[in-house]
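Participant: Sharing a structure below in structure tokens format, with a few things to ask.
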Amino acid sequence: MGDEPLLQKVKIQEDIESVPLLQKVKIQEDIESVKGIRVNNDGEEDGPVTLILLFTTFTALCGTFSYGTAAGFTSPAQTGIMAGLNLSLAEFSFFGAVLTIGGLVGAAMSGKLADVFGRRGALGVSNSFCMAGWLMIAFSQATWSLDIGRLFLGVAAGVASYVVPVYIVEIAPKKVRGTFSAINSLVMCASVAVTYLLGSVISWQKLALISTVPCVFEFVGLFFIPESPRWLSRNGRVKESEVSLQRLRGNNTDITKEAAEIKKYMDNLQEFKEDGFFDLFNPRYSRVVTVGIGLLVLQQLGGLSGYTFYLSSIFKKSGFPNNVGVMMASVVQSVTSVLGIVIVDKYGRRSLLTVATIMMCLGSLITGLSFLFQSYGLLEHYTPISTFMGVLVFLTSITIGIGGIPWVMISEMTPINIKGSAGTLCNLTSWSSNWFVSYTFNFLFQWSSSGVFFIYTMISGVGILFVMKMVPETRGRSLEEIQAAITR
């Protein structure tokens, strides 16, 4: 009896080379159980962070940086563009808003692009629109070319806002997947801050030209980075998938278990056809769609675009110095984004989302109360600082959770056979909500400077309950485990 585990181990070792790849995973687990070693399901022995993984992530994040420069461009460029091209306020407002129209176009085709051409191919399409957009803006001599350039930037942003987080989630080891994905939010905040800083000291034409630099980096990088192993496997290119995974994990890393897990999951999906848009409403995918759409609606209708697009108007109304407020807000966002990167894989997505949604609600409540007291002539001396504090609390909620984690979780939860359709639906929802909030904010702010923030407070309050009730925890689990559990 005492020799039985040893004999079992010998038999397992003899059989290893004679079985297919999928069975090796089970055999390895048997060996570990014989040795008394716990099978790793938490990513503790997950693949290492390699140079090619870092370079691939950097290349993808250039797309996010370009999106951030587009979002931040209008604030420092407004005076120069209106004077240089003799634009009216209405014409410049249209120039700013056309980004969201382009975003809707990009969002509508993002999922299909990523499915047909791969994640890397979709990034190439996004990069082409981005480069063309910035060059058109930089050399614009008329309103029409300015608007078309801005429209192209929106298309690029609409594609990149979906493809970048999906690509990063699919290539990163699960132990650092949340950290790598959270860098997306940091890059977004940093790019807006950098654009504002540069725009305050150089002309808008030079700012547009400099904004092509991330596009150039991305263009070069796309020639050297691997395609997503999961996309390759889904399309029947198993050998290429294993080669891609080996490059990402390093030549000295045993990818047998991870490759087998991916292949097994993809094989199981073969019994399902490539589901179309209307198949998303199948009860099988109800929770995926509900959580994904719910988080994005919460993100936008909770006031994200209202704060970010009209931050200057908020500070001006409260009496807080605009330049100081915007600069300090950019610094705080960058610092708290770093904090989000550090803690996202330590405390989990759901926990951070709960805290972030509470902060989102609190930030809007403080801002709303500040303007309410101001309207009644109460505590007016404290209105500027209390408004500033409310804005900072809200923006911190964006950087530590509500800004980036919804996209991370959508990428983690969505099975690859509906990723294109679900990505398109989620992206369209996000950009439509973005447009709605950015369009209505000025009207609501004029109607009641406090009322608009109380509306955001109520929406965020509902969001707290939604996160606590509906959102699953995905930290430390493989994509295949997450997707199998949520689509039962």
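Cβ coordinates come from backbone N, Cα and C, glycine included.
Since the structure is predicted, the reported quantities are computational estimates derived from the model, not experimental observations.
What Swiss-Prot shows for this protein is this:
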type	residues	note
TRANSMEM	51-71	transmembrane segment
TRANSMEM	89-109	transmembrane segment
TRANSMEM	116-138	transmembrane segment
TRANSMEM	151-171	transmembrane segment
TRANSMEM	182-202	transmembrane segment
TRANSMEM	207-227	transmembrane segment
TRANSMEM	291-311	transmembrane segment
TRANSMEM	324-344	transmembrane segment
TRANSMEM	353-373	transmembrane segment
TRANSMEM	390-410	transmembrane segment
TRANSMEM	423-445	transmembrane segment
TRANSMEM	451-471	transmembrane segment
Participant: Using a cut-off of under 8 Å between C-beta atoms, tell me which stretch among 116-138, 151-171, 324-344, 451-471 contacts the transmembrane segment (390-410) the most.
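Facilitator: Answer, by Cβ pair count: 324-344.
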Participant: Please tell me whether the transmembrane segment (207-227) and the transmembrane segment (116-138) touch - that is, whether there are at least 3 C-beta pairs under 8 Å between them, with each pair 6 or more apart in sequence.
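Facilitator: Yes, the transmembrane segment (207-227) and the transmembrane segment (116-138) are in contact.
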Participant: What same-chain residues lie close to the transmembrane segment (116-138): Cβ under 8 Å, and 6 or more beyond its ends?
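Facilitator: Sequence-distant neighbours of the transmembrane segment (116-138): 59-60, 62-63, 66, 70, 106, 110, 145-146, 148-153, 155-157, 159-160, 163-164, 166-167, 170, 205, 208-209, 211-212, 215-216, 218-219, 222, 225-228, 231-232.
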Participant: For the transmembrane segment (151-171), could you work out the same-chain residues 6 or more beyond its ends whose Cβ comes under 8 Å from its Cβ atoms?
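Facilitator: Distant Cβ neighbours of the transmembrane segment (151-171) are 53, 56-57, 60-61, 63-64, 66-67, 70-71, 98-111, 113-114, 119-120, 122-123, 125-130, 132-134, 136-137, 177, 180-181, 184, 226, 228-231, 248, 404, 407-408, 410-412, 419, 423-424, 426-427, 430-431, 479.
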Participant: For the transmembrane segment (51-71), what are the same-chain contacts with Cβ under 8 Å, counting residues 6+ beyond its ends?
Facilitator: 99, 123, 126-127, 130, 133, 150, 153-154, 156-157, 160-161, 163-164, 167-168, 171-173, 180, 183-184, 187-192, 194-195, 211, 214-215, 217-218, 221-222, 224-226, 247-250, 308
Participant: Counting only residues 6+ away from its ends, which parts of the chain sit with a Cβ under 8 Å from the transmembrane segment (324-344)?
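Facilitator: Here the qualifying positions are 75, 178-179, 181-183, 185-186, 189-190, 192-193, 196-197, 311-312, 315, 352, 388, 391-392, 395-396, 398-401, 404-405.
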